[in-house]
Amino acid sequence: MESKLTGQEPAAKEQRAKRVNRTKLYDIIADLSSSSTTRMTDYEGARAEEAEPITFPSGGGKSFIMGSDDVLLSVLGLGDLADLTVTNDADYSYDLPANKDAFRKTWNPKYTLRSHFDGVRALAFHPVEPVLVTASEDHTLKLWNLQKTVPAKKSASLDVEPIYTFRAHIGPVLSLAISSNGEQCFSGGIDATIQWWNMPSPNVDPYDTYEPNVLAGTLVAHTDAVWGLAYSGIKNQLLSCSADGTVRLWKPQEKLPCICTYNGNKEHGIPTSVDFIGCDPAHMVTSFNTGSTVIYDLETSQSLVMLSSQIDSDLQSSNHINRVVSHPTLPVTITAHEDRHIKFFDNKTGKMIHSMVAHLDAVTSLAVDPNGIYLMSGSHDCSIRLWNLDSKTCVQEITAHRKKLDESIYDVAFHPSKAYIASAGADALAKVFV
């Protein structure tokens, strides 16, 4: 018996030594991975990290993705594209926390939203619940509760099934906005209407009978497809832009809901996207297919500032702007372009602050995180990219959707109060990352 035990001791020592070496190896790998940015491809079988969503830290402008110093100082994963970046001095400082590594976040795919039969054109999160709405070319909108999931067949991610389907549009639904209290939702369609919905409860039973009160009304004034919507909770106003050339301001509760019309004579072209100015909600910004971006005073209807970049008037197609967003707290406007660029403008002077080739194909969508520190862009190159706004560098790239007829990602969004991001694609899927 004794000889057996003594014979086992060297073996046990060897095991312990192996374990120590393995622990060292893990530490080295952890160090390496934390100092470089993450490129992550989401195949069907990719194992997503099962993490509970974390809420944003309050105050201090801390965001939920923080790059280490070398990440913030170098353009990563862009190769030769980095050399095509131009910039000027009129830059704004972004409220970065002192300890940049305090809150580094790498996004991983967790939820796949499957139910639409055609491309998902737009999505928007509820302001506080883990709930989102998607709008699709299959003529419907769907409501999803991320807490109601079923395990996916082939991977560690979770499949979500819709809890409600909104039906009123005739033809594809193109744009979407949710009110700041989460009680209403507005959708714009190719049918020129804006449908106004009362949001069902996040706990609605998908097998309940049809509820006619969900459709609150229809806003009719546009005569062609409604390409963009934006909502402001300050005066409970809605902005819409349409292929008919006009931008309209609505107060949905009024008897005559359309308060004002802009660009009535198509003086700037056809509007493609619209947003309220974050730091001054009495102003709005609209992008046009001609490549111009204009800031309007909502009350006087006057155009205040033309945001100008050096554009060649002969190259109409490459001038096309797909999306415009306003920074939530700084006087900065950001535009996404068909020619693969993202451009940054100073709202006060109208001058371009920065321009960069950001993707390998048209940039279709933009979203700024609620703290104003990170920008997310989506593109027909199938990738979502996250950018540090201070250094204008890419901190993560995620391959998220498959191509369909040369198109891929149509929309991206940050949750206003929880650590979720989402993308909507031509492949009829929406994906949520944690």
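Cβ coordinates are placed from backbone N, Cα and C, and glycine is handled just like the others.
Since this is a predicted model, take the numbers as computed values, not measurements.
The repeat 'WD' annotation in TrEMBL covers 113-154 (among others). Same-chain neighbours of the repeat 'WD' (113-154): 44-45, 53, 160-167, 169-178, 180-182, 185, 187, 189, 197, 199-200, 202-204, 404, 407, 410-411, 413-418, 420, 422-432, counting only residues six or more beyond its ends whose CB sits under 8 Å from a CB of the stretch.
Each residue in the repeat 'WD' (166-199) has a pLDDT score, and their mean in this model is 91. The repeat 'WD' feature in TrEMBL is assigned to 166-199 (among others).
TrEMBL lists 219-251 (among others) with the feature repeat 'WD'. In the repeat 'WD' (219-251), helix, strand and coil residues by DSSP number 0 helix, 19 strand, 14 coil.
Sequence annotations record features per position, and here TrEMBL assigns repeat 'WD' to 356-397 (among others).
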*asked:* Under 8 Å between C-beta atoms and at least six residues away from its ends: which parts of the chain pack against the repeat 'WD' (219-251)?
replied: 174-181, 186-196, 257-266, 269-276, 281, 284, 286, 296, 298
